[in-house]
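Below is one structure; the comments refer to it alone.
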Amino acid sequence: MAKEKFERTKPHVNIGTIGHVDHGKTTLTAAITTVLAKKGLSELRSFDSIDNAPEEKERGITINTSHVEYETANRHYAHVDCPGHADYVKNMVTGAAQMDGAIIVCAATDGPMPQTREHILLARQVNVPRLVVFLNKCDMVDDEEMLELVEMEMRELLSFYDFDGDNTPIIQGSALGALNGVEKWEDKVMELMDAVDNWIPLPPRDVDKPFLMPVEDVFSITGRGTVATGRIESGIIHVGDEVEILGLGEDKKSVVTGVEMFRKLLDQGEAGDNVGLLLRGVDKNEIKRGMVLCKPGQIKPHSRFKAEVYILKKEEGGRHTPFHNKYRPQFYLRTMDCTGEITLPEGTEMVMPGDNVTITVELIYPVALNPGLRFAIREGGRTVGAGQITEIID
């Protein structure tokens, strides 16, 4: 029998489970797949298969992450779960696993704990738009008032970090109960998935955003002009479109006279395509790796920004010693690298390997930047940190 073709009929959303250690994130992930598997919407994944998360490398950092996929009646989900707290911090800050929304798991027996708070803060910093709360272990709490108290604390915590605490759905359940097939708790998992379907917004598709392509390589074709190659990050480009060439201090406009992919001529290229764009009236030495091509007026070069970063531990191949204010490493942004000076938050003397911190960066020249852009920090040929831009200063 022929293999079934993957039909992308439902919109795709990336989510994950976050929250304090031992509050039941992985158990809940297993419970979701188990309950949905009974309805034919998922492959059953055991706790052990999820907990035994494979190592992945992202921008030179090793992260343990489990990827699970399942469907609801309306959507297709890719769900990430991490075994350790440090893995979450790395995952969220480096964007190894982009989240369009998250389920924050909080044990009703404990209430919000330090990592509950830290994960909500991280979700805010890296612009996860909305969270859904799953109060776990409710089968172990007899006192209705206790549940109300924990729910109130969670709403206050969400509001404190600028989430919509008043309207965020909070589901009271038991992940273990659902995993063991107790109907009451299975229903709560379905209720949770309904909340996720309705509360977490569909992400804008990259194709619908304005055109942007970081330049990876440049060459000239005799008699035809200059070609810039790269992977289109967002948007669509048509033959005849005007583009802006930004970065490295030089800005210029041009018109795309040809779009090539795998040596074939196309009418257009779209987000995700690796293409070569033929540019009118551009000399080969006016454009180089690290610049970006974009729709005119969409993005400006900047040199100062705020960012949330994770600094690698010695064991991860990072620095052996802390760094101080005015540290000047290399920043790798898209396809370019540029020296930048780090300013630490007031009251922070130094940053230790293994820390995550909010920093201000001043690059030595302006480059095309936007909030949410991921980057690596390197020094002497090795990655010492990774992060993402949270705010452009100028």
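Placed from the backbone N, Cα and C atoms, the Cβ positions cover glycine too.
Within the listed segments 60-64, 125-129, 390-394, Swiss-Prot records region 'G2' for the stretch 60-64. Here Swiss-Prot gives region 'G3' for one range in the set 73-76, 81-84, 385-388: that range is 81-84. Record note: among 19-26, 163-170, 203-210, 299-306, 19-26 is the stretch given as region 'G1' by Swiss-Prot. Swiss-Prot assigns the feature region 'G4' to one of the listed ranges (112-115, 136-139, 184-187, 272-275), namely 136-139. Under DSSP, Gly19 (GTP binding site) is assigned to a strand (E or B) in the three-state scheme. Restricting the average to the region 'G4' (136-139) gives a pLDDT of 97.
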